[in-house]
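**Student:** Sharing a structure with you now.
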(Lines of atoms letter the chains of each structure in order from A and count residues from 1; the text may use other names and numbers.)
(Lines give C-alpha, C1' and ligand atoms only; values in the text may rest on other atoms or scores of the structure.)
Protein backbone atom coordinates (compact mmCIF):
# COMPACT_ATOMS: atom_id res chain seq x y z
CA UNK A 1 0.00 0.00 0.00
CA UNK A 2 2.82 2.38 0.94
CA UNK A 3 4.65 1.56 -2.29
CA UNK A 4 1.49 2.29 -4.30
CA UNK A 5 1.01 5.64 -2.56
CA UNK A 6 4.69 6.47 -3.15
CA UNK A 7 4.44 5.63 -6.86
CA UNK A 8 1.26 7.70 -7.22
CA UNK A 9 2.91 10.62 -5.43
CA UNK A 10 5.91 10.42 -7.76
CA UNK A 11 3.59 10.37 -10.78
CA UNK A 12 1.71 13.45 -9.57
CA UNK A 13 4.99 15.25 -8.82
CA UNK A 14 6.34 14.47 -12.29
CA UNK A 15 3.07 15.60 -13.89
CA UNK A 16 3.13 18.97 -12.14
CA UNK A 17 6.85 19.37 -12.85
CA UNK A 18 6.23 18.81 -16.57
CA UNK A 19 3.41 21.36 -16.49
CA UNK A 20 5.27 23.95 -14.42
CA UNK A 21 4.88 26.73 -17.02
CA UNK A 22 1.16 26.08 -17.36
CA UNK A 23 0.71 26.03 -13.58
CA UNK A 24 2.78 29.19 -13.19
CA UNK A 25 0.70 31.02 -15.78
CA UNK A 26 -2.47 29.74 -14.14
CA UNK A 27 -1.37 31.09 -10.76
CA UNK A 28 -0.57 34.45 -12.35
CA UNK A 29 -4.03 34.50 -13.93
CA UNK A 30 -5.76 33.64 -10.64
CA UNK A 31 -3.77 36.29 -8.79
CA UNK A 32 -4.72 38.86 -11.41
CA UNK A 33 -8.40 37.92 -11.17
CA UNK A 34 -8.29 38.24 -7.38
CA UNK A 35 -6.53 41.63 -7.51
CA UNK A 36 -8.97 42.89 -10.16
CA UNK A 37 -11.94 41.82 -8.05
CA UNK A 38 -10.54 43.51 -4.96
CA UNK A 39 -9.87 46.68 -6.95
CA UNK A 40 -13.42 46.82 -8.30
CA UNK A 41 -14.90 46.31 -4.83
CA UNK A 42 -12.75 48.68 -2.80
CA UNK A 43 -11.03 51.16 -5.13
CA UNK A 44 -13.07 51.67 -8.30
CA UNK A 45 -15.18 54.84 -8.06
CA UNK A 46 -16.46 56.32 -11.31
CA UNK A 47 -16.31 60.16 -11.19
CA UNK A 48 -19.65 60.39 -13.05
CA UNK A 49 -18.56 63.57 -14.79
CA UNK A 50 -18.33 64.33 -18.52
CA UNK A 51 -14.85 63.74 -20.02
CA UNK A 52 -13.56 62.40 -16.69
CA UNK A 53 -15.55 59.18 -17.05
CA UNK A 54 -13.86 58.28 -20.33
CA UNK A 55 -10.33 58.83 -19.02
CA UNK A 56 -11.01 57.10 -15.71
CA UNK A 57 -12.63 54.04 -17.29
CA UNK A 58 -9.94 53.48 -19.91
CA UNK A 59 -7.22 54.09 -17.32
CA UNK A 60 -8.76 51.46 -15.03
CA UNK A 61 -8.58 48.96 -17.89
CA UNK A 62 -5.30 49.89 -19.57
CA UNK A 63 -2.85 51.24 -17.01
CA UNK A 64 -2.85 48.23 -14.62
CA UNK A 65 -2.48 45.96 -17.65
CA UNK A 66 0.52 47.99 -18.83
CA UNK A 67 2.05 47.90 -15.34
CA UNK A 68 1.61 44.11 -15.17
CA UNK A 69 3.26 43.77 -18.58
CA UNK A 70 6.30 45.85 -17.60
CA UNK A 71 6.66 43.95 -14.32
CA UNK A 72 6.38 40.64 -16.16
CA UNK A 73 9.16 41.63 -18.58
CA UNK A 74 11.35 42.87 -15.72
CA UNK A 75 10.96 39.69 -13.65
CA UNK A 76 11.75 37.36 -16.55
CA UNK A 77 15.35 36.13 -16.42
CA UNK A 78 15.48 35.85 -20.22
CA UNK A 79 15.12 39.64 -20.47
CA UNK A 80 18.38 40.17 -18.66
CA UNK A 81 19.99 37.29 -20.55
CA UNK A 82 19.35 39.19 -23.80
CA UNK A 83 20.58 42.45 -22.26
CA UNK A 84 23.75 40.72 -21.07
CA UNK A 85 24.28 39.08 -24.46
CA UNK A 86 23.86 42.37 -26.33
CA UNK A 87 26.11 44.21 -23.89
CA UNK A 88 28.99 41.71 -23.97
CA UNK A 89 28.85 40.53 -27.58
CA UNK A 90 26.61 43.10 -29.31
CA UNK A 91 24.23 40.23 -30.21
CA UNK A 92 26.70 38.96 -32.82
CA UNK A 93 26.21 35.32 -31.76
CA UNK A 94 22.48 35.59 -31.18
CA UNK A 95 20.77 33.94 -34.15
CA UNK A 96 17.40 35.01 -35.46
CA UNK A 97 15.71 31.79 -34.34
CA UNK A 98 17.18 32.13 -30.84
CA UNK A 99 16.09 35.77 -30.61
CA UNK A 100 12.57 34.82 -31.73
CA UNK A 101 12.41 32.00 -29.16
CA UNK A 102 13.64 34.21 -26.32
CA UNK A 103 11.34 37.11 -27.17
CA UNK A 104 8.45 34.69 -27.47
CA UNK A 105 9.25 33.28 -24.03
CA UNK A 106 9.48 36.75 -22.51
CA UNK A 107 6.32 38.11 -24.09
CA UNK A 108 4.41 34.87 -23.59
CA UNK A 109 4.73 35.08 -19.83
CA UNK A 110 4.56 38.86 -19.60
CA UNK A 111 1.17 39.13 -21.34
CA UNK A 112 -0.66 36.62 -19.13
CA UNK A 113 -1.49 39.09 -16.36
CA UNK A 114 -2.30 42.08 -18.66
CA UNK A 115 -4.62 40.02 -20.85
CA UNK A 116 -6.32 38.51 -17.79
CA UNK A 117 -6.83 41.97 -16.29
CA UNK A 118 -8.24 43.40 -19.52
CA UNK A 119 -10.53 40.44 -20.18
CA UNK A 120 -11.92 40.36 -16.63
CA UNK A 121 -12.42 44.14 -16.70
CA UNK A 122 -14.41 43.85 -19.94
CA UNK A 123 -16.44 40.88 -18.73
CA UNK A 124 -17.36 42.63 -15.50
CA UNK A 125 -18.18 45.79 -17.41
CA UNK A 126 -17.97 48.42 -14.65
CA UNK A 127 -15.04 50.30 -16.17
CA UNK A 128 -16.55 50.14 -19.68
CA UNK A 129 -19.91 51.45 -18.42
CA UNK A 130 -18.13 54.30 -16.67
CA UNK A 131 -16.03 55.16 -19.73
CA UNK A 132 -18.75 55.13 -22.39
CA UNK A 133 -21.97 56.05 -20.60
CA UNK A 134 -21.72 59.68 -21.70
CA UNK A 135 -21.49 58.60 -25.35
CA UNK A 136 -24.78 56.70 -25.39
CA UNK A 137 -27.11 58.20 -27.98
CA UNK A 138 -30.34 59.27 -26.25
CA UNK A 139 -32.24 58.81 -29.52
CA UNK A 140 -31.61 55.06 -29.23
CA UNK A 141 -33.67 55.00 -26.02
CA UNK A 142 -37.46 54.92 -26.29
CA UNK A 143 -39.22 58.03 -25.03
CA UNK A 144 -36.08 59.50 -23.49
CA UNK A 145 -37.01 62.91 -21.99
CA UNK A 146 -35.49 65.83 -23.91
CA UNK A 147 -32.86 67.82 -22.04
CA UNK A 148 -30.17 70.41 -22.76
CA UNK A 149 -27.72 68.71 -20.41
CA UNK A 150 -27.51 65.36 -22.15
CA UNK A 151 -23.74 64.70 -21.58
CA UNK A 152 -24.01 65.57 -17.87
CA UNK A 153 -27.09 63.37 -17.41
CA UNK A 154 -25.60 60.42 -19.30
CA UNK A 155 -22.30 60.66 -17.38
CA UNK A 156 -24.16 60.31 -14.07
CA UNK A 157 -25.87 57.00 -14.96
CA UNK A 158 -23.01 54.76 -13.66
CA UNK A 159 -23.53 56.27 -10.20
CA UNK A 160 -27.34 56.05 -10.53
CA UNK A 161 -27.35 59.71 -9.50
CA UNK A 162 -29.77 61.10 -12.09
CA UNK A 163 -32.99 63.10 -11.86
CA UNK A 164 -36.17 61.11 -11.26
CA UNK A 165 -37.49 61.28 -14.87
CA UNK A 166 -34.34 59.47 -16.09
CA UNK A 167 -34.09 56.75 -13.42
CA UNK A 168 -36.04 54.23 -15.50
CA UNK A 169 -33.31 54.29 -18.16
CA UNK A 170 -30.48 53.41 -15.78
CA UNK A 171 -30.81 49.63 -16.14
CA UNK A 172 -31.34 49.91 -19.90
CA UNK A 173 -28.13 51.88 -20.42
CA UNK A 174 -26.15 49.64 -18.08
CA UNK A 175 -27.43 46.51 -19.86
CA UNK A 176 -26.55 47.93 -23.28
CA UNK A 177 -23.03 48.95 -22.29
CA UNK A 178 -22.33 45.66 -20.47
CA UNK A 179 -23.46 43.83 -23.59
CA UNK A 180 -20.86 45.74 -25.63
CA UNK A 181 -18.19 45.27 -22.96
CA UNK A 182 -18.69 41.52 -22.62
CA UNK A 183 -18.86 41.11 -26.39
CA UNK A 184 -15.45 42.78 -26.68
CA UNK A 185 -14.13 40.63 -23.82
CA UNK A 186 -15.15 37.34 -25.45
CA UNK A 187 -13.86 38.51 -28.83
CA UNK A 188 -10.53 39.27 -27.17
CA UNK A 189 -10.47 35.78 -25.62
CA UNK A 190 -11.21 34.18 -28.99
CA UNK A 191 -8.60 36.20 -30.88
CA UNK A 192 -5.90 35.49 -28.29
CA UNK A 193 -6.72 31.77 -28.20
CA UNK A 194 -6.48 31.58 -31.99
CA UNK A 195 -3.21 33.56 -31.98
CA UNK A 196 -1.68 31.24 -29.36
CA UNK A 197 -2.71 28.17 -31.35
CA UNK A 198 -1.22 29.56 -34.58
CA UNK A 199 2.02 30.54 -32.83
CA UNK A 200 2.38 27.05 -31.34
CA UNK A 201 1.80 25.54 -34.78
CA UNK A 202 4.41 27.89 -36.25
CA UNK A 203 6.87 27.00 -33.50
CA UNK A 204 6.58 23.25 -34.08
CA UNK A 205 6.60 23.62 -37.86
CA UNK A 206 9.78 25.72 -37.83
CA UNK A 207 11.57 23.60 -35.23
CA UNK A 208 14.17 21.13 -36.49
CA UNK A 209 13.54 18.91 -33.46
CA UNK A 210 10.86 16.30 -33.06
CA UNK A 211 8.32 16.25 -30.24
CA UNK A 212 10.38 13.84 -28.09
CA UNK A 213 13.55 15.82 -28.77
CA UNK A 214 11.80 19.03 -27.70
CA UNK A 215 10.64 17.32 -24.50
CA UNK A 216 14.16 16.05 -23.81
CA UNK A 217 15.69 19.46 -24.49
CA UNK A 218 13.18 21.14 -22.20
CA UNK A 219 14.03 18.66 -19.43
CA UNK A 220 17.74 19.23 -20.02
CA UNK A 221 17.40 23.01 -19.77
CA UNK A 222 15.42 22.69 -16.55
CA UNK A 223 17.96 20.31 -15.01
CA UNK A 224 20.93 22.42 -16.11
CA UNK A 225 19.41 25.59 -14.70
CA UNK A 226 18.64 23.91 -11.38
CA UNK A 227 22.14 22.46 -11.07
CA UNK A 228 23.77 25.72 -12.13
CA UNK A 229 21.87 27.76 -9.54
CA UNK A 230 22.56 25.22 -6.80
CA UNK A 231 26.26 25.02 -7.68
CA UNK A 232 26.58 28.81 -7.98
CA UNK A 233 25.06 29.20 -4.51
CA UNK A 234 27.57 26.76 -2.99
CA UNK A 235 30.48 28.37 -4.89
CA UNK A 236 29.48 31.85 -3.70
CA UNK A 237 29.20 30.60 -0.11
CA UNK A 238 32.63 28.95 -0.35
CA UNK A 239 34.25 32.08 -1.78
CA UNK A 240 32.57 34.26 0.85
CA UNK A 241 33.78 31.94 3.62
CA UNK A 242 37.35 32.14 2.31
CA UNK A 243 37.24 35.95 2.23
CA UNK A 244 35.78 36.20 5.74
CA UNK A 245 38.38 33.73 7.05
CA UNK A 246 41.21 35.76 5.50
CA UNK A 247 39.86 38.88 7.20
CA UNK A 248 39.04 37.55 10.69
CA UNK A 249 41.22 34.44 10.78
CA UNK A 250 38.18 32.20 11.24
CA UNK A 251 34.62 31.85 9.95
CA UNK A 252 31.53 30.80 11.90
CA UNK A 253 29.90 27.98 9.94
CA UNK A 254 27.17 25.52 10.78
CA UNK A 255 28.02 21.83 10.79
CA UNK A 256 26.23 21.10 7.53
CA UNK A 257 27.96 24.10 5.90
CA UNK A 258 31.36 22.84 7.08
CA UNK A 259 30.68 19.43 5.55
CA UNK A 260 29.48 20.97 2.32
CA UNK A 261 32.43 23.35 1.96
CA UNK A 262 34.86 20.56 2.87
CA UNK A 263 33.82 18.79 -0.32
CA UNK A 264 34.42 21.99 -2.31
CA UNK A 265 38.14 22.27 -1.55
CA UNK A 266 40.17 22.73 -4.70
CA UNK A 267 37.46 24.47 -6.69
CA UNK A 268 38.06 27.70 -8.59
CA UNK A 269 38.13 30.52 -6.08
CA UNK A 270 37.84 33.19 -8.76
CA UNK A 271 36.31 32.74 -12.20
CA UNK A 272 38.08 34.80 -14.91
CA UNK A 273 36.11 37.60 -16.49
CA UNK A 274 36.28 36.01 -19.93
CA UNK A 275 34.56 32.91 -18.58
CA UNK A 276 31.91 34.94 -16.78
CA UNK A 277 31.21 36.77 -20.03
CA UNK A 278 30.23 33.44 -21.55
CA UNK A 279 27.55 32.85 -18.94
CA UNK A 280 24.52 34.53 -20.48
CA UNK A 281 21.93 31.78 -20.60
CA UNK A 282 21.18 32.68 -24.24
CA UNK A 283 20.43 29.81 -26.58
CA UNK A 284 21.64 29.67 -30.13
CA UNK A 285 21.17 27.29 -33.04
CA UNK A 286 24.06 25.75 -34.88
CA UNK A 287 24.80 22.75 -37.08
CA UNK A 288 27.49 20.21 -36.33
CA UNK A 289 28.14 17.29 -38.68
CA UNK A 290 24.96 18.18 -40.57
CA UNK A 291 22.94 17.53 -37.41
CA UNK A 292 20.95 20.45 -36.05
CA UNK A 293 21.33 20.92 -32.30
CA UNK A 294 20.91 23.63 -29.75
CA UNK A 295 23.86 24.95 -27.80
CA UNK A 296 24.00 27.19 -24.77
CA UNK A 297 26.44 30.03 -24.66
CA UNK A 298 27.43 29.30 -21.07
CA UNK A 299 29.91 26.51 -21.75
CA UNK A 300 33.30 27.16 -20.17
CA UNK A 301 35.42 25.20 -22.62
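Residue positions begin at 1 at the first shown residue.
Glycine too: its Cβ is placed from the backbone N, Cα and C atoms.
Checked TrEMBL, it gives:
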{"type": "TRANSMEM", "residues": "21-42", "note": "transmembrane segment"}
{"type": "TRANSMEM", "residues": "54-75", "note": "transmembrane segment"}
{"type": "TRANSMEM", "residues": "96-117", "note": "transmembrane segment"}
{"type": "TRANSMEM", "residues": "183-202", "note": "transmembrane segment"}
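A description of the local structural setting of each listed feature is requested, covering burial, neighbours and distances.
**Tutor:** Within its own chain, the transmembrane segment (21-42) has Cβ neighbours under 8 Å at 60, 64, 68, 109, 112-113, 116-117, 120-121, 124, 126, counting only residues six or more beyond its boundaries.
Panel annotation: around the transmembrane segment (54-75), residues 32, 36, 39, 44, 46-47, 106-107, 109-115, 117-118, 121-122, 127-132, 134-135 of the same chain, lying at least six beyond its termini, place a Cβ under 8 Å from a Cβ of the stretch.
Same-chain residues lying 6+ beyond the ends of the transmembrane segment (183-202) with a Cβ under 8 Å from its Cβ atoms: 104, 115, 118-123, 128.
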